[in-house]
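Here's the structure we're looking at; comments come further down.
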Amino acid sequence: MWSRLTEGLADMVAPEEGDEQLQGDEDPLWSRFAAVVAPPPASEGSAPAASGEEDEQEQLQAARNDAVALQAEEGQEAGTDTERLVQELQQAQAEVCNAVFCWCCCLSDKPSNRFCRVTQADALAAQCQAHEKNVLSLRDRVEELQIAIETLKDDEREARSRASEYEQGYMDLLAEIEKMKTANEEEKAALMAKSEEHASSIDSQRLYDLEARVATSEADKSVAQQDAERLQRDLNSLEGVLHQFQVDNKTQKDRVASLEAELEQARKELQTRQPLSEPRVGDPSDFERIMQKLTKKTRECEQLREGFTEEQKRRVGIGYPIEGNGGGGLFSSIIGLVAPGENSTASTIIDPSDLAGKSFADMWSEFLLDEASKGR
């Protein structure tokens, strides 16, 4: 780059044929300009200066391209810094070119302005040196950015490695989840089968219990039917006994009615005969004595009747009328009929055939004589 710039400046400031007389005065200025714009001396083992500058320009361009690519790949911040530095470098190069162009234009003017041009050339040389320092600092900055880019690449590789590890761990977790899901499904199926088996066993137990209850109910039903049949037989026999008892009651009722008629007739005869009998003086008659005994017994019977229990009243026929015996009471005791108790049966009633052949008067006389003998 410096060689091309020097050749261009030499062509621009080369003296023409008419100006050969001024060549002696311009030699010091030309030597100073050549010293300013000349590139630094190269070492013996290095390549030519022109090719070296071109390589540097190509390296800068490659660095710029790398910086732009890195900006798109690694991040906005590093790319922005690189682009800014490249822009500053290009701006510095443009300023140097403009300064050289202006200086060359000044050299082509008249000789009266050459002193001013020398001063400007010194200023331009100082500015070129400052720009060279700026270029060196920019190169250092580019190297730092390249190092930062390498670091970012290393970080990216590490991040990708971690991402790969995380992805592998995620895949392992998915596989583990699938295994757990399969195990849960198998366990669920086993539990469902076990619950169904348990439910079937419970149903079997309930069915067995129901069958046992049905069998027990059938047995109870059979026993109940037997009891019903026995009770029906007892009821039939009781109906027969009741019918016989009703027949006997009707017979006894007819007989008692006839006995009451005979008793009434005997009472009338007794009343008609009573005034005819003359009692003995000082000696009560048997009739009076019997009447006194009868009154006494009647009073005692009343007292006893008041102290009787319900069972005793039922047995003697007090308060419980019996069909066929005239209502019970004294007459029933005379003829030997009593009311049946709770545990008594029809067989305990006196058969009326035992009274056959006896009149009421005879029975009455026997009763009175018995009472009189008991009173003595």
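Numbers run from 1 along the shown chain.
Every residue gets a Cβ built from N, Cα and C, even glycine.
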Which listed span TrEMBL calls region 'Disordered', if the choices are 1-26, 261-286, 287-312: 1-26
Of the residue ranges 38-64, 65-91, the one that TrEMBL records as region 'Disordered': 38-64
